[in-house]
Amino acid sequence: MGRRARCRRLQQQQQQRRRPEGTEDGAEGAGKRHDAGWEGGYPEIVKENKLFEHYYQELKIVPEGEWDQFMEALREPLPATLRITGYKSHAKEILHCLKNKYFKELEDLEVDGQKVEVPQPLSWYPEELAWHTNLSRKILRKSPQLEKFHQFLVSETESGNISRQEAVSMIPPLLLNAQPHHKILDMCAAPGSKTTQLIEMLHADMNVPFPEGFVIANDVDNKRCYLLVHQAKRLSSPCIMVVNHDASSIPRLMIDVNGKKEVLFYDRILCDVPCSGDGTMRKNIDVWKKWTTLNSLQLHGLQLRIATRGAEQLVEGGRMVYSTCSLNPIEDEAVIASLLEKSEGALELADVSSELPGLKWMPGLTQWKVMTKDGQWFAEWDEVPHSRHTQIRPTMFPPKDPEKLQAMHLERCLRILPHHQNTGGFFVAVLVKKSSMPWNKRPPKLQGESAKPRDPVQSSPAVPTGEKAEGPSELERKLDTGIGDAEIIERTEDLENNGNKKDGVCGPPPSKKMKLFGFKEDPFVFIPEDDPLFPPIQKFYALDPSFPRMNLLTRTTEGKKRQLYMVSKELRNVLLNNSERMKVINTGIKVWCRNSSGEEFDCAFRLAQEGIYTLYPFINSRIITVSLEDVKTLLTQENPFLRKLSNEAYIQAKDLVKGSVVLKYEPDPTKPDTLQCPIVLCGWRGKTSIRTFVPKNERLHYLRMMGLEVLAEKRKEGTALTDESAASSGPLEDEEVSADQKTEQTASPDATSTGSDSVGGATVSR
């Protein structure tokens, strides 16, 4: 904090102290401020913009007679919406808990004189996994009556089981129709709510630990990539990779197919491009005063380049979804029309009108005009004066040829208006690739032939005529010099074969190839087959022969390997063949962690909860089957003695040597009132006790699913649970204990016999 800021803060504090105690908010002064439209020290933003109204009324994006409803909806705060994430069986349990407990408590409740409506499922979202309420986020955060519900939302969001995601944002992944075997690219992925939806689709079958498909999530902003990592990590998938590139020139990747290098084409591409965001006015009220058509005019070129790059990397027969949170046709239909025109029939708009029954939408526009920021209109490119050519481009206008326009079927685009279903504004278009893009069909030149300049192709220029080619894609540069795919692959192989690349190491690209922004990432090093580190692990956990050990990696080339990660074999293929091309921020899930003094035990590595659902199918020993009561005991007591477990669990645990164990709960279908999803926990078998290694939020989640409620203020006081069945339980641990602490405890487990456990300052007598 600078000196001026410190002085200002000091003055504010002094003024606060001088206020009479009996007056709220400084009495008269506060009243004057409030009357002047001040709240919290900031002037209230007036939700009006005449230019915005004039622009959209002229374009007729709203049906006749609905304009007042449209504007009224925009001025109302956006209702809170939530989506139940995670994998199928867990999602069903959370849904059951929400409907039968939390939603029932909201019935007949009033907050600030407003009746709380019980949340309702979004009619168009499958399996009732998305819900909306009339409560704004502000009311949810601040109302004491809703504290329990808010705590539930916060805790479950942190553990990745609920995503507080805007309703319209859920549409693009649904329309992608991704399957577990699909290779998916999310071009502009941060902050990651759509990415998590795609990961869930890959893991539709929980019994398959490694789906054949994967998600490569990209973002141009290095800092936002880490937000993306945080979101994706909550789902603990070995099939997600986060990369950091400009989406308009995202590199073409290679994969090894039966010993031969081939270009990676994606089955599904999500192209949720940067936009002016005027569909988000209900939550981003700054847009009201900042809105101008200039934003759209400046973004159109970038949006078209990103969409073009996506289309290039889509496999024939693949599906690409283009979406924006803008209502402006310059960012919406104009981009789609231009892309369709230059694809020469390689792309077509899919008719998805029946794919989300219950969703209300308006068909795409077939005619629109362009307006400058000072209100001047142009109906076609020929009207634009030369002085405006840098700001307004020919691709911003609808095609002149009526037949060509009709063949595009722009009415198949979907525009979501806020007043139809109480949502934000949104635009979606679904494109299907029928054949290669025209510039990909040109035959490559023979090696040695001089690269003569080509005559421009008038019908489908890669960059529209007269438009500055800003940041041409790698593919376009390749075509300019007449290099075909086959030659690119050959040259790539030569480069890698002649290089000094270490086997199994995928590091960040060298700085001479690409300027690195943000933090330099550690390399991704795959564990060699002959590494002596693996056999003790394999023996200790009796790993199945089918365990894909080649997919294990670490993040260091030197010193002791402290953590082992796991990726799917498809992502391993991508990593090993593209270390010079892409900047990988994160991939893989943690499956093992080194114990600080692991040499004392038969295995130096303990299991990590993050990757246990992926690893469990391959483990054949050190598994203890536990009952629901055992799970409650293990999650609410720090180091329970073995004797506190049920007789069945005790018999399994007593003969095991010290070290990491798997604790597995299998639901009983004959008791439908009990928890009906399987639970797999990582634990540690000490000398006389047993404990779990589960992060705080995951503990709270499992306890909540078993009917035990945990309140924030109670946790602070050291009392963990508020349920009659939890009366004798101890406190929860506040966070996952480090390997060092664990080793210390398990190395001398007799410490548990002192009669108490210390957790976060609270002591519980045994």
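In case you wondered, yes, glycine gets a Cβ from its N, Cα and C as well.
It should be emphasised that the depicted structure is a prediction, and the values quoted were computed from it without experimental measurement.
Listed in TrEMBL for this protein:
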REGION    1-40  region 'Disordered'
DOMAIN    70-434  domain 'SAM-dependent MTase RsmB/NOP-type'
BINDING   C188, A189, A190, P191, G192, S193, K194, D219, D246, D272  S-adenosyl-L-methionine binding site
ACT_SITE  C325  active site, nucleophile
REGION    439-484  region 'Disordered'
COMPBIAS  467-480  compositional bias 'Basic and acidic residues'
REGION    718-766  region 'Disordered'
COMPBIAS  744-757  compositional bias 'Polar residues'
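TrEMBL feature annotations superimposed on the structure.
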{"residue": "C188", "record": "S-adenosyl-L-methionine binding site", "contacts (Cβ under 8 Å, 6+ apart)": "N218, D219, V220, A247, C271, D272, V273, P274, I306"}
{"residue": "A190", "record": "S-adenosyl-L-methionine binding site", "contacts (Cβ under 8 Å, 6+ apart)": "D219, D221, R224, C225, L227, L228"}
{"residue": "G192", "record": "S-adenosyl-L-methionine binding site", "contacts (Cβ under 8 Å, 6+ apart)": "A217, L227, L228, H230, Q231, A232"}
{"residue": "K194", "record": "S-adenosyl-L-methionine binding site", "contacts (Cβ under 8 Å, 6+ apart)": "S169, M170, P172, P173, D186, L270, D272"}
{"residue": "C325", "record": "active site, nucleophile", "contacts (Cβ under 8 Å, 6+ apart)": "V168, S169, C275, G277, G279, T280, G424, G425, F426, F427"}
For D246 (S-adenosyl-L-methionine binding site), the number of other Cβ atoms found within 10 Å of its own Cβ: 16
Overall pLDDT of the domain 'SAM-dependent MTase RsmB/NOP-type' (70-434), taken as the mean: 91
Whole-number Å value of the largest CA-CA distance among C188, A189, A190, P191, G192, S193, K194, D219, D246, D272, listed as S-adenosyl-L-methionine-binding: 20
